[in-house]
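Read through the structure below, which is laid out as structure tokens, and then see the notes.
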């Protein structure tokens, strides 16, 4: 992306757009990439559109573009993503946070409002810690435990917890293996691996190349985690408890059936995301 030395920001963005389009990417994203890379507002951009960027900023932006056209996610390039109004460190050891996952927090808030005495919460497959940390900061009355099979992911989660001042008990767990035997939970949340490997060809290239496969894919058509959780979680639940799980948009009925069979007396319901697609299953136990 060669430019003359006195090129304005407008010229840089035009050149960036051409650079992206020539490589099969959306050139219209050049402006939004600049805003993300330098943490600018649109007002900042308008004010400086006809100014000449400094050489360091130009070189930084050029490097970002060259990495983006290899399908490397911008969040990994920058090293962070925002979620629930807070900034979280991310690396290829953890999934990139998605907006849909915040729906788990909203469902949890509704349940906690009806159960103000709830005190123990568990996040399984915590990854970067976005759910556990956000839940802890939204509901400081809760004592949070968060587990993940990946020590590398837990290291990132711990960093995020420390920087955001959230007190959480971090554990290496394989679903329920590794949890304290003497502790039970009012609330269990999880965004587990749920993609079937048969769906690999349908996924974005950036996801396939860079995001951790162990956090994405599950056996048994993407249902393995849910089946194992339904078998294992019972002894770790209080008599009145709630599970809230993210699911694939085609898995609603299958996951509902798994938990209805495991907990016949529970209220098991499926909830939709902002696009109206099945995205969460909630299991409410009232023994």
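Heads up, the Cβ atoms here are built off N, Cα and C, so glycines get one too.
No curator has checked TrEMBL annotations; they are predicted automatically.
From the candidate list 106, 148, 174, 204, the residue TrEMBL records in the S-adenosyl-L-methionine site shared with 125, 126, 127, 128, 129, 191 is 148. The Cβ of 191 has fewer other Cβ atoms within 10 Å than any other of the binding-site residues 126, 191. Listed in sequence order, 124, 125, 218, 225, 226, 229, 245, 246 are the same-chain residues six or more apart from residue 192 (substrate binding site) with CB atoms under 8 A from its CB. Every protein chain considered, the tally of other Cβ atoms within 10 Å of the Cβ of residue 125 (S-adenosyl-L-methionine binding site) stands at 27. Counting only same-chain residues at least 6 apart in sequence, those with a Cβ under 8 Å from the Cβ of residue 129 (S-adenosyl-L-methionine binding site) are 88, 123, 146, 156, 157, 158, 160, 161, 166, 168, 170.
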